[in-house]
Amino acid sequence: MGQPVASRGRAATPTIGKAMLNKYARAFFTRVLTPFAAFLIRRGVSPDTVTLLGTAGVIAGALVFYPRGEFFWGTIVITLFVFSDLVDGNMARQLGRTSRWGAFLDSTLDRVADGAIFGGFALWYAGGGDNNVLCAVSIFCLASGQVVSYTKARGESIGLPVAVNGLVERAERLVISLVAAGFAGLHKFGVPGIQVLLPIALWIVAVGSLVTLIQRVVTVRRESAEADAATAAENASQGSGAAS
């Protein structure tokens, strides 16, 4: 859902451009959504509930509309529910409940939502869209997006910084795909030729995800070798010190 703007407890290492965008976007959405978040708190709604409902909405938008070729309305529904990721983070901050659990839940459900979106594309191309190549590309986007996220999480779990974000992160994958899907859906309103945007976007996401995966694997390999060399040097130094 909304990684680039706000989430509960997740850290990021954006580029300067992304950091500037995040700064102004965060300030804007905080002003807009704070009253609504406060209203939900007064009604006894928890941040976790908002997270779960938001994910359910994204899944419904993707798997109900996209397989039928209703890309415009599906994207509208998904976009509306994506804002839940900003609301739950705002609520958590107001309640002083930012936690590891919230960060874990957000990240986990983000992966589920991503899978539903690209799964919806795959179902369309496997059915009414009748294009096996684009079905395969959609499945690749789904799988590669999950693996790209896993490489960073796994690298960090073994103590490596994984000091690279890569060419196409989750935010870029979603923006490219959803914007293209929304515009492609205008074909049903009589806009000719615009449906070609979605296949182009899927190819861009697929290639970008592959490049990002390679970037992260290479980075983890280099950092791992450096860490192993540093450990070996430290052990050798301690061994020589003990011998003397």
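Any Cβ shown, glycine's included, is placed from N, Cα and C.
Look at Swiss-Prot and you will find Asp110 tagged as active site, proton acceptor. Among the features that Swiss-Prot reports, CDP-1,2-diacyl-sn-glycerol binding site is placed at Asp48, Thr49, Val50, Thr51, Gly89, Arg93, Ser99. Under the heading Mg(2+) 1 binding site, Swiss-Prot lists Asp85, Asp88, Asp106, citing similarity to another entry as support. Taken from Swiss-Prot, the feature transmembrane segment applies to 24-42, 49-66, 72-91, 117-137, 174-190, 196-214, supported by sequence analysis.
Feature annotations (Swiss-Prot) mapped to structure.
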| residue | record | DSSP (3 states) |
| --- | --- | --- |
| Asp48 | CDP-1,2-diacyl-sn-glycerol binding site | helix |
| Asp85 | Mg(2+) 1 binding site | helix |
| Arg93 | CDP-1,2-diacyl-sn-glycerol binding site | helix |
| Asp106 | Mg(2+) 1 binding site | helix |
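Around Asp106 (Mg(2+) 1 binding site), a 10 Å sphere centred on its CB holds 26 further CB atoms from the protein chains shown. Across 49-66, 72-91, 117-137, 174-190, 196-214, stretch 72-91 shows the highest tally of CB pairs under 8 A with the transmembrane segment (24-42). When the recorded positions Asp48, Asp85, Asp110 are compared by the number of other C-beta atoms lying within 10 angstroms of their own C-beta, Asp48 comes out lowest. The Cα of Thr49 (CDP-1,2-diacyl-sn-glycerol binding site) lies closest to that of Asp88, out of the binding-site residues Asp85, Asp88, Asp106. Binding of CDP-1,2-diacyl-sn-glycerol is attributed in the record to Asp48, Thr49, Val50, Thr51, Gly89, Arg93, Ser99, and the widest Cα separation among these residues amounts to 15 Å.
The two recorded residues Asp110 (active site, proton acceptor) and Arg93 (CDP-1,2-diacyl-sn-glycerol binding site) have their Cα atoms spaced 19 Å from each other. For the pair Asp85 (Mg(2+) 1 binding site) and Thr51 (CDP-1,2-diacyl-sn-glycerol binding site), the C-alpha distance works out to 6 angstrom. The highest number of surrounding Cβ atoms within 10 Å, among the binding-site residues Thr49, Val50, Asp88, Arg93, is found at Asp88. Within 10 Å of the C-beta atom of Gly89 (CDP-1,2-diacyl-sn-glycerol binding site) sit 30 other C-beta atoms, taking all shown protein chains into account. Of all the Cβ atoms in the protein chains shown, 13 others lie within 10 Å of the Cβ of Ser99 (CDP-1,2-diacyl-sn-glycerol binding site). Remark: the transmembrane segment (49-66) contacts the transmembrane segment (117-137), by the rule of 3 or more CB pairs under 8 A. When each of the listed stretches 72-91, 117-137, 174-190 is scored by C-beta pairs under 8 angstroms to the transmembrane segment (196-214), 174-190 comes out highest. With a cut-off of 8 Å between Cβ atoms, the residues of this chain six or more beyond the transmembrane segment (117-137) that come close are 58, 62-63, 65-69, 74, 78, 145, 174, 177-178, 181, 198-199, 202-203, 206.
DSSP assigns Ser99 (CDP-1,2-diacyl-sn-glycerol binding site) to coil in the three-state reduction, outside any helix or strand.
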